[in-house]
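Peer 1: Below, the features straight out of TrEMBL:
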type	residues	note
DOMAIN	62-401	domain 'Amidohydrolase-related'
BINDING	143, 211, 232	Zn(2+) binding site
BINDING	154, 235, 236, 243, 272, 328, 329, 330	substrate binding site
ACT_SITE	294	active site, proton donor/acceptor
């Protein structure tokens, strides 16, 4: 083995005086970073005889993996479901602004739209690493249009589609391309959905069940064909019923294939889900809970009228409604707010709250070997937080990309 730093001449940064979330526990140890990766200090000391080039005092901060938002429709006036000439600058703006919320990776989400919108927008989104320019893009989440009319929520009914004779070919024709698609939300009770789920899963695309009137056996069948996620649990699905718990019943189903975990998204904004419902879900299936914002273009802006794809939305405080109705339409919550509300509502540990926004979404997408943890050799995407879980600084690939202005604290 080399006896010096010849393995790499890149600078080694040592973060000291911190508590690191590792192996589900906050551990008092240092974090070592080189070339955007987290280092094993033992290998560094004993194999390379290396040492830190830079030491940073974290002043007793918590260091946690960066948050991953797998359902975000836009923010700061940008709507991912609107085809615009400057779409790229819009997605760049959102990816830059959410750094302050602790989000280091995300899945831009499109709600049910005309086929022409998918054909215009999808080619303009590409998977990319995060950095000073903003959070990384993991791939698109397509929520609809293959969903239930009865549970369409804020999705425009005239754009809803069903699977016809072509099934998977219908889906391909609607979207135009699946090149950068990471998640597809569909209603599993739709005719021919099973073969579509199998085809998407074969291509490495995560299938999520949502906006649906499926009963439990239909939901279980979808999971047996490859579905692994539930879109915003409790919202836009049949309410839990003791004789047929519907999609909600997947949380305690005994018909999940061996070795498979079903994950479920929760909008923990204090509006979409009563704290008691949040507690029920968490206690029933804690390892599957994934915090999502479901944020819309109005996030970060003053109350008033905004858009969600084809619909006009009114923001009233923290409530967002389709204009002229009381139909909820996405949220204006930020990810760090959702984490704090989740911890407060459930009384769970700090570690559990942080992992619901980092480890679990990474496991859902099958990227936990590089994101969502602070294990050795994983990407150095992490946050510094205070004990109240307010983000103080955001790092991507070991580089500081956002810091709380001290005067604003």
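Every residue gets a Cβ built from N, Cα and C, even glycine.
Bear in mind that the values here come from a model prediction, so they are computed numbers and not experimental data.
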Peer 1: Hey, what's the Cβ neighbour count for residue 328 (substrate binding site) at 10 Å?
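Peer 2: So the number of other Cβ atoms within 10 Å of residue 328 (substrate binding site) is 20.
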Peer 1: Excluding 143, 211, 232 themselves, which residues in that chain have a Cβ inside 8 Å of the centre of the Cβ atoms defining the Zn(2+) site?
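Peer 2: Counting only non-site residues, the set is 71, 111, 144, 147, 153, 155, 185, 208, 210, 231, 235, 236.
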Peer 1: Express the distance between the Cα positions of residue 232 (Zn(2+) binding site) and the residue listed as 'active site, proton donor/acceptor' as a whole number of Å.
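Peer 2: Residue 232 (Zn(2+) binding site) to the residue listed as 'active site, proton donor/acceptor', Cα-Cα distance: 8 Å.
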Peer 1: Using a 10 angstroms cut-off on Cβ to Cβ distances, just flag whichever of 211, 232, 243, 272 is the loneliest among these binding-site residues.
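Peer 2: Minimum Cβ neighbour count within 10 Å, taken over the binding-site residues 211, 232, 243, 272, occurs at 243.
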Peer 1: Using the alpha carbons only, what distance in Å do you get between residue 330 (substrate binding site) and residue 211 (Zn(2+) binding site) once rounded?
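Peer 2: Answer for this pair: 13 Å between alpha carbons.
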Peer 1: If you count the other Cβ atoms within 10 Å of each Cβ, which of the binding-site residues 235, 329 comes out on top?
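Peer 2: Of the binding-site residues 235, 329, the highest Cβ count within 10 Å belongs to 329.
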Peer 1: Going by Cα-Cα distance, pick out whichever of the binding-site residues 154, 236, 329 is nearest to the residue listed as 'active site, proton donor/acceptor'.
Peer 2: 329
Peer 1: Just to confirm: which same-chain residues, 6+ apart in sequence, have a Cβ under 8 Å from the Cβ of residue 154 (substrate binding site)?
Peer 2: 111, 308, 311, 313, 322, 327, 328, 329, 330
Peer 1: Could you give the mean pLDDT over the domain 'Amidohydrolase-related' (62-401), rounded to a whole number?
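Peer 2: That region's mean pLDDT is 97.
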